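Feature annotations, courtesy of Swiss-Prot:
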- 1-25: signal peptide (SIGNAL)
- G59, E60, G61, F62, N63, H283, L284, R285, R379, F380: GDP-beta-L-fucose binding site (BINDING)
- E60: active site, proton acceptor (ACT_SITE)
- E387: site 'Essential for catalytic activity' (SITE)
Amino acid sequence: MKNMIYNLISISLYSLIIILTDIYAKTSSLICNKNDIYLNDKFYFLKKKKYILYDVNIGEGFNLQKEVLYRMSLVIYQLNKRDKEYIYYLVLPPWCYLSHWSNKRHDNLQWNIFLNMNIIKNVIPIIEFSDYKKLYGDVTDFIISFKYLLDSNAQKAKYYHVLPFDKCYIEDYKFKIVCKNCDYKYSVTYSGNCTNIKGKNTLCYSDYIVTNYLVNYVVHKLFYIHNINSILIKNSNVVLVPFPNELFENNIEDILLFNEKLIYNGNNYIKEILKNSNYISCHLRYNDFKKITSYDVPSVQIAILKLLYIMFMNNKEKIFISTDEKKYVQYIINKHFKQFKHFFYFYENKDNYHEGQVAIIEQWICANSSTFVGNIFSRFTMHIIWERYLITKGKEHQNIDLCGYSINNNEQLKNRYKKIQYIYDHSSIEKLNNIYNTYSEIDKKYIITLCFGFPSHFPSNLSIYRKKYIPFA
């Protein structure tokens, strides 16, 4: 009788596995697989789950948080590659407070309103914090953080140091001991003041360099030694940025694709308003950058003149601008460049998208232009160029930097660029209707100065996930 029951259970379980495998095969066939570590194991959903939560400094911008997601994805990918006993999930922190958003308070926005989550799930196991909270609450087994050893003997140290958690200072993390005799003794704020997370244990790890390999080793050891289910990594933006080839070799460099609806909105703008991809685009950042003297951003008036020069030089007829000072930029164009204002285009948020979604739409429009002009100090710019490299728009002449205003007499600023060119194009100057001649000699030289960044910082492969979305491809 027992054998009969056992056989029935075995047959039922086997049938369930076949059905679930078939369901997965049908749903995932719409997405190109890339030899994934966990999905290749047909029994992965039967493994015991482990969870890694993380966050960044309070208020950090959207694009930095995207970078950190790349770093943490690499940690998860490597954990699942090395450990066949458990399945490791990355818990995505909600969006509540960002210093760059005009509306700084939000109620736990999820990642799926910004990114295509199916693509990420195709490579690493993920779960939104709201779903984790339903299962386990606002708690975790360990709260840990990492910091850099800054003393002169740091590089001589053979092993990392393990310290009390409060030695990993994190601004506004509100670490406190909530009780002494309960399971979850400790509390920290989580993900832009979304909530507080309680933990059973806390630790700080320090080393002269904090790589994804160190994080991988530390969390794997904690999971096994303490037989725990979850770890929160506070301030995970201290983890070193991986090289693009590391991300490529681990199938991660192109998994952060924008939400499909936002891509379609951007493509509709390109097709209906710009008519084709034969336009230049630009990111002008002023709000906080004009206060940072080392960034040396040019005035809006000079920036607009330079954009016109670049447009004429490249034989284009449209300039799309993404900027945090939209009204002021439009005011300058209307006041000083009235005869050229028909060349300039700005995205209008007619569908009442969240401002973070608008930024993504504008990034996509910029990514698909024939030439992009950005700011080397801006992560917003960097992520546009990252997208451009993933859709074969990574050639040197296709990505230009606006240059700091003092580029021609500032050696420190010059060293930030791979190449600087001085191109006087007579026909382009003529098209500017003598406006060029009203500027000072310093301004004139700045206008014809073109700066180029380092391509080694970006991927070099066409993204299989983006191919079908490229307009006019």
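Placed from the backbone N, Cα and C atoms, the Cβ positions cover glycine too.
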Largest tally of Cβ atoms lying within 10 Å of a Cβ, found at which of the recorded positions N63, E387: E387
Max CA-CA distance, Å, over listed GDP-beta-L-fucose-binding residues G59, E60, G61, F62, N63, H283, L284, R285, R379, F380: 22
Residue among recorded positions L284, R379, E387 with Cα closest to the Cα of E60 (active site, proton acceptor): R379
Whole-number Å value for how far G59 (GDP-beta-L-fucose binding site) lies from E387 (site 'Essential for catalytic activity') (Cα to Cα): 24
Binding-site residues compared (G59, G61) - the one with the fewest other Cβ atoms within 10 Å: G59
C-beta crowding around R379 (GDP-beta-L-fucose binding site), within 10 angstroms: 19
Among E60, L284, the one of these recorded positions whose Cβ has the fewest neighbouring Cβ atoms within 10 Å: E60
